[in-house]
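Engineer: Questions regarding the structure given below will be posed in turn.
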Amino acid sequence: MTSSFPLGFRWGVATSAFQIEGATTADGRGPSIWDTFAAVPGAVAGGDTGEPAADHYHRWRADLALLGDLGVDSYRFSVSWPRIQPDGRHAERRGLDFYRRLVEALREKNIEPFLTLYHWDLPQALEDAGGWRSRDTASRFAEYAALVHEELGDVVDHWTTLNEPYPCAIAGYGEGRHAPGAREGHGALAAAHHLLLGHGLAVRAMRAQASPQHRFGIVLNQSPAVPVSDSAADAAAAARQDTLLRRQFTDPLFGGRYAPGLAAMFAGVSDFSFRHDGDLETIGVPLDYLGVNYYYRLHVADAPHREPDPALRTVADIGVDTTRLPEVPRTGMGWPVEPEGLTEALVGLHNRYPGLPPMYVTENGCVYADRSDFADYERISFLSEHIEAARTAAAAGVDLRGYFCWSLLDNFEWAHGYKHRFGLIHVDYTTQARTPRASYRWYRDHIAAERAR
Ligand code: FCB
């Protein structure tokens with residue numbers, strides 16, 4: 001390997017509150033949209049819910065010991081909004097205290113906290129008032145962000161507003177696959193806009209009270225769309241896919257404009273009246289970093305809409321077929337293993353948006369069936385190949401500052417429930433025993449080797 005990662009490059013792991021914490025009614029926590037959604041029969045595989053997850057709320061000290069032994073210098077986690085504001089408005093001291101204890105313990109271990117304010121767990125009370133369809137939720141989010149920032153700004157320097165607004169808006173409000181389980185056109189597009197607006201308002205509110213060392217960013221999922229042929233129709237289909245999944249977010253955040261083509265794609269679905277004067281300036285507030293989550297590329301062919309009746313069609317049904325995968329290995333989720341897609345995502349962003357802030361790979365990881373001895377060689381080669389792909393991007397001139405593996409622990413994988421395991425550490429959900437996989441030891445040794453270079 002060449003040594004193209006800059007000095008001070010960060011090595012970390014990532015988790016999120018709802019996926020690991022469990023304890024969904026402890027210490028005054030209110031219900032989130034994921035508690036409500038998971039209770040709907042058939043919504044989550046196996047009828048799984050946020051209980052028990054990895055019971056991290058009670059076992060966080062032991063988990064931090066595992067984090068320390070792993071040798072990471074950074075830990076990306078999320079704060080549960082319904083622990084902080086159970087009803088979406090009033091502060092719950094016990095929730096704030098939990099994260100203060102966690103962050104102080106990280107600091108004692110010299111592990112830099114990368115705090116994410118929103119990883120999909122909206123307080124149900126705010127959903128009842130319209131959720132992300134409603135412009136008011138963006139203001140509520142900024143208030144919540146300012147509260148957490150005021151409370152923890154003395155111990156946290158890295159502040160991420162949102163994790164992956166795309167699935168939040170489109171899978172959650174458009175396709176009904178994620179919480180809150182809605183299937184709306186206009187509502188989903190409004191949710192995407194209000195998430196971005198909430199991000200901008202939150203950064204402004206936090207900056208107004210920030211210390212100089214504070215850094216503010218956002219995390220986006222990036223699945224580059226590759227046309228399956230060189231036909232104009234497939235190229236246009238891939239462009240539609242990229243507009244929906246990526247440019248709907250990156251153009252207003254970093255390009256100073258709404259994604260060209262988005263409004264035309266959904267002309268009969270929404271009048272985009274949720275876009276108000278001044279919103280673009282708010283959304284485009286300068287950032288200190290962009291986090292990129294990368295798992296796979298999408299291979300896109302032009303195709304008829306899956307649902308012929310426009311009235312019944314979901315917002316993700318944009319006349320594309322993404323099932324024609326190349327002959328490459330797949331993970332246990334069926335996702336194609338294409339590390340070059342990570343290079344492409346990073347270099348592509350760098351080229352498209354002049355003035356883009358520095359980037360981190362904030363999530364990257366995979367699922368494979370376990371062997372009895374937890375010797376997960378496939379995961380090791382997946383991670384190793386993707387780290388090299390990140391290195392290639394850095395060598396090509398991308399300002400890349402760190403890599404976070406998803407995930408420290410097995411966890412609640414959203415609509416898939418507990419079936420799919422992304423952890424470097426295996427969790428037995430009956431006993432809550434933690435067993436580091438071979439990949440945990442590999443990542444530990446890899447980090448040490450990178451630092452010794
Ligand atoms: C990402 C999510 C994360 C996890 C991984 C596998 O989209 O941000 O919570 O579920 O996928």
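Positions of Cβ are set from backbone N, Cα and C atoms, glycine also.
Heads up, here are the entries from TrEMBL:
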type     : residues                                              : note
ACT_SITE : Glu164                                                : active site, proton donor
ACT_SITE : Glu363                                                : active site, nucleophile
BINDING  : Gln19, His119, Asn163, Tyr295, Trp406, Glu413, Trp414 : substrate binding site
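Each of these features: where is it, how hidden is it, and who are its neighbours?
Structural biologist: The local packing around Glu164 (active site, proton donor), expressed as other Cβ atoms within 10 Å of its Cβ over all shown chains, amounts to 23.
Every protein chain shown contributes to the tally, and the Cβ of Glu363 (active site, nucleophile) ends up with 25 other Cβ atoms within 10 Å. DSSP classifies Glu363 (active site, nucleophile) as strand under the three-state reduction.
In sequence order, Ser16, Ala17, Phe18, Gln19, Ser78, Asn163 constitute the residues six or more apart from His119 (substrate binding site) in its chain with CB-CB distances below 8 Å.
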Engineer: How many whole Å apart are the CA atoms of Glu363 (active site, nucleophile) and Glu413 (substrate binding site)?
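Structural biologist: Cα-Cα distance, Glu363 (active site, nucleophile) to Glu413 (substrate binding site): 14 Å.
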Engineer: Rounded to a whole number, how many Å is the Cα of Glu164 (active site, proton donor) away from the Cα of Tyr295 (substrate binding site)?
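Structural biologist: Each residue's Cα considered, Glu164 (active site, proton donor) and Tyr295 (substrate binding site) end up 13 Å apart.
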Engineer: Determine, for the substrate site, the additional residues of the same chain whose CB lies within 8 Å of the mean position of the CB atoms of Gln19, His119, Asn163, Tyr295, Trp406, Glu413, Trp414; present them in sequence order.
Structural biologist: Ser16, Trp120, Glu164, Glu363, Ser407, Asn411, Phe422
Engineer: Can you name the residues of this chain that are 6 or more positions from Trp414 (substrate binding site) yet have a C-beta less than 8 Å from its C-beta?
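Structural biologist: In sequence order, the residues whose Cβ lies under 8 Å from that of Trp414 (substrate binding site) (at least 6 apart) are Gln19, Trp34, Val44, Trp120, His178.
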Engineer: Helix, strand or coil: which one is Glu164 (active site, proton donor) in, per DSSP?
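Structural biologist: It is coil.
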